[in-house]
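Sequence annotations record features per position, and here TrEMBL assigns domain 'Acyl-CoA dehydrogenase/oxidase N-terminal' to A:48-157. Sequence annotations record features per position, and here TrEMBL assigns domain 'Acyl-CoA oxidase/dehydrogenase middle' to A:163-271. Summarising the annotation, TrEMBL assigns domain 'Acyl-CoA dehydrogenase/oxidase C-terminal' to A:283-450. Annotated domain 'Acetyl-CoA dehydrogenase-like C-terminal' per TrEMBL: A:467-592, in sequence order.
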C-alpha cells in the first residue's frame, strides 16, 4: 500500500526561507496569530490526519466506489467517519472569517493542508473541497440572510456545498444551459432542470447539501448574459436553521468514471426545487467566476498533491527494487542486483516527479500569498497588483500543474514497470485520479484561452508585464552573482523571450483571432516552465544563502540545487518545442477541412 | 459506443502507392498469391470481422473482466465465440508456412490485420496475439517433434501460446529467475516455479495452451547465461495429438489491472509440470529474443491501433459537439453553437492523433517489409540489410508508437472534455488499455537502451548509418524538388544532426557508460520523430505525384500534405527539447544521492 509523509521540510523551506511567510503573515490583519510555531503545529496535525485517517481509505474507496440506493448516495466505507473527525478538528473553518465562525487564519494555510489531502485521498477531499467555492459565492454575493442560513454551516462543515453548472449539452459554453428558475410568490424560485457531473452532489457525509445552481430566469437574455445563480438546499432549513423538509432536488444517477471513484459524481435533477437568487438577476456568470477561481487553484493543488504522492512511492520502490547492474559497474555487490535507483533513466523519471512536486509547491505557495493579499491585504496598491498576478497565475496553476501532474503520476507507474499497472500497488490509481484534473473546472484548452486571450492579450500584455518585471528585477539583482549564473542567465533570456513571443502573437491575432487559440496551449505550457524556472532560481538563491551560513542541513540545500539544475537542464528545454509550435501559427491547424479529416477511413 | 472503420484508404495509400507493396510482394517466393485484389479482399474481410465481431465486445469485456473460478479462467462473454469465428475464418494461419498448415501469405499482411484487432479490442487480441511469439520460438528452435506436436495447433489456432518469463522479483533482469527444471528419466523436465504477468495464461478460448517457459537447469551457470527455454502444455498431448492428461501448471490468481480487463493476466504456478527443452541448454535467452522481437513489434501495433481508434471517435465527437463560437466569427449560424472542430486547439489535438496514426502506420508498414524480407526474402544481401534495419527499428516501433499512442488516446479523452472521463463513451478505456503498452515486453526505458546501447553504439553506429544513408539518398534525390522543400530541407538537417548527436554520445560513453542510459529515452524519442519525418516526406512526395496526375481524389492527397505539414511544424520541433536534454548528459541525473532524494519529506 502506498505511504505518504507530508513534505514538511520542503514546505518549511518554501514558506519560511524562500517566500518569507513569517513576514508575509505578520503584515496581514490578525496575522500575529499565524506565528511559525502555530503554523508548524497545524501543519504537523494536518500531516497526521492525512496520513493516518485519509490515506488508509484511498484504495478501498477506489475499489468500492459510491453506492446509489433508494435515491440516496452513500460514500465508501470510512468516508463519513473521516469527515466527522475533520469537522470535529475544526479543519473546515481554518481560514474562514471569525465573523462567520471561522478561525481567521490566512487562506494560504488551508491551501497547504489541501495539498496533503489531495496527496492522500483526492476523492474524499472533494467532499469538503467543493464547499469552498459555494462559501466564496455566498460570502461575496449572498444576502445577509443567505449568509446567516448557509455560510455558517458551510464554514463549520456540518453542511457541504456543490457547484451545479454543467448540463449534458454544455460545459464550457454555459450560455446554452436549459435549467429554468421561475419566481414563486414568496420571493423564492422554482428551479427545474438537470445538471450533470456534480461532484459531491449527494452523499451521506453531511447533514445537508447546499447547491449553487446556474439557471435562467423567464426574462433572461440569450446566451451567457442571461444566467443567474441560485442557492438550492437539499433540505430546506427550518426555523431553528436545521435541515427540515426535503427540497425537490435528487440525485438521478452516479457516473461511472475512470477515477475518483470514491467521490459521488452525480446527475442532479431539479424539479421545481425551491431556490433563492444569489447576487443580481442575470449576473450569475460573475458570481460563478468567484467560485471557479478558487476551484481552479484547488484543482492545481490536486495535481501537485498527486505528483508528490507518486514521487514518494516511486522513490521508495526504486530504492528497494533490485534489477540489473549499473552500467558503470556493480553498486551493491552484496545483493543479487543493484537497486534500480542507480540507473540514470530511473533517476530521470524520479527527478521529473521531484522537480514538478517542488516546483509546483513553490508556485502554489507563491500564488497563495497573492490570495492572502487579495482577501486580507491592508494596502490597496499591493492588493491590486496581487489581483493582477493572481488572475495571470490561476490558469497556469490549474492547467500546468495538472498537465505535469499527469505526466508525473505516469512516471510513477513507469518506475514500477509492470507492477505499476497492477491496482494493489496504488500507482495506477494516482494516474486515473489525476486524469480528471486536466478536464474539470475548465479543460487545459479553456485555461489556456483564459491565460492568453483574457488575461494577457486583453490587458495589452500589462498583466504579464507585472510578472515579467518582477522576474527581470530578480535577474538584475543577481546578475553579478556567479554562483547563480547557471540559473539567472537562461532565466533572463527566457523572460525577455516570453515578452517578445507574446507581442508576436498579439500582432498576428489582430489579423486573425484564431491565432490566439492556435497558440494558447503551447503558450500556457511555455508560461508554466518559465514561471517554475523563476521560482527554482529563487530557491537556488535561498539554498546558496543557507549553504554560505553554517547550516547543518547542507545535504538538503545541495539537493535543492541539484533539483533546480535538473529542471533547468532537462525540463526547461521543452520551451524550445513550445516556442517553435507557437511560431508556426494557426495555418497548419486550420488548413484541413472538417470533412477531409476523415478521408483515410471514411468510405 | 465507439465506432471504428478500418482505415482502408490510408492503408492502400501506404501499401500500394508509397511503399509499393505490389512489387514487394511479387519479389517474395509465393508472393504471386498476394495480388492487390487478394490483399484488398482480405483486408476488407478483416475490417468487417474487427468492426462487427470484436468491437461490440470491447466495452463489455472491460466492464466484465475475466472470471477465476474453481481454478479455471473464463474470458468475458462473447470472447470464446469470437475466437471460434476467428479460427474458422483461418485468420491465425494467414502468414504461417504452408508446410506447417499455414496459408503462406506475407507476415506484413498479418500485421495490417493486427492493427484492426488492436483498434477494436486489444484485450481480446492478446489471446491469439501471444501465440505468434510461441510459434516463432518453436519454428526457429523447436525439434521436429515439437513442431509437429505444437506448432500445427498454434497455426490453426485451436491451441494458443504464452510467454512465461517474468517472476515477482524479476522482469527486466531475467538472470534472477528462480523457476527450476529438473530432468526426468524420459528426457522431459519437471518445471517448478511461479511466473507472473502471464497474458492469456489461462482461459476458455482454446482447447489447450502451450506455455513457453524460462527456467534454470540444475547445472545452470549464474545469471542470464544460465536460462533455458521449455515448452510446457496445459494438457499433455495424447497419442492422437489431442489434449490429454492435465499437466502440473495452473493459474494461481488473476491480476487486478488498470486496463485490458478482458485479458487474463495470470499468476501461473508450475508444480513439477512436464516440460520439454526448446533449443540448447542455457540458450534460453536467444530463443526468448526470437519471441520478444515479434512481440515488441506487436505491442507497437497496439499503440497504433489505439491511436486510430481514439482519433476516429474524437473526430466524430468534435464534428457533432456544439460549444462556443469560433474566435473568428460564427461558422454554423443555424445551430446554437459551432461544432468544436472549428476551434484551433481542438484541431491541434485531432491533428496530433491523426499524424501519429498515419505516421505510425507508415512506420509499421515500412518495418513490415523488412520482416517479409528477413523471413522470406530471396536475396542474402538484401536480407542482411533488412535484418539490420529491423533490429534498429524494433525498439522505435515498440516504444515510440506506445508513447505517442498514450499521448494520442489522452488527446482523445481531452477532445471529449468531462465526457471523456466517463466510461460509457469508451475513450478512457483506450487510455487505460494503452497504458500497459509502455510497460510490457520491455518498458520504454529498456527499448531505449536496446536502441542506443545495443543496436546503435555496439555496432559503432553502423546500423544507424544503414538507415540514415537511405534518408540521405532520399533527400539528395529530392533536393531540386521545390514542391517538397518544406519537408526535405528540415529532414536533411535533422538526419545529419542525428548522426552527429549519436557520435557525441558515443564519445562521452567511452568515458562514462552512464551516459548511454542518461541519453537513451530522449534519444529514442528523437529517433522516432526523425523516422516519422522521413516517412511523412515520402508520403508528401507520393501525394505530389498523385496530385500532378489526374487524380479524382485530390482532397485525400491534399489532406495528406496538410497532415505532413502539421507533423513537421507542430510535432517535429520536439526534437529540439530532446536534443537539448541529451546534450546535458548524465551529470544532472547522477548528482543527487539515493538518500538525499527524499530530504524534502523524510524525517
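Placement of Cβ uses the backbone N, Cα and C atoms for every residue, glycine included.
The stretch in closest packing with the domain 'Acetyl-CoA dehydrogenase-like C-terminal' (A:467-592), judged by the count of Cβ pairs under 8 Å and taken from A:48-157, A:163-271, A:283-450, is A:283-450. Each residue in the domain 'Acyl-CoA dehydrogenase/oxidase N-terminal' (A:48-157) gets a DSSP state, and the totals come to 80 helix, 6 strand, 24 coil. Look at the domain 'Acetyl-CoA dehydrogenase-like C-terminal' (A:467-592): DSSP puts its residues at 109 helix, 0 strand, 17 coil. Using DSSP to sort the residues of the domain 'Acyl-CoA oxidase/dehydrogenase middle' (A:163-271) gives these counts of helix, strand and coil: 7 helix, 55 strand, 47 coil. Over the domain 'Acyl-CoA dehydrogenase/oxidase C-terminal' (A:283-450), the average per-residue pLDDT in this prediction is 97.
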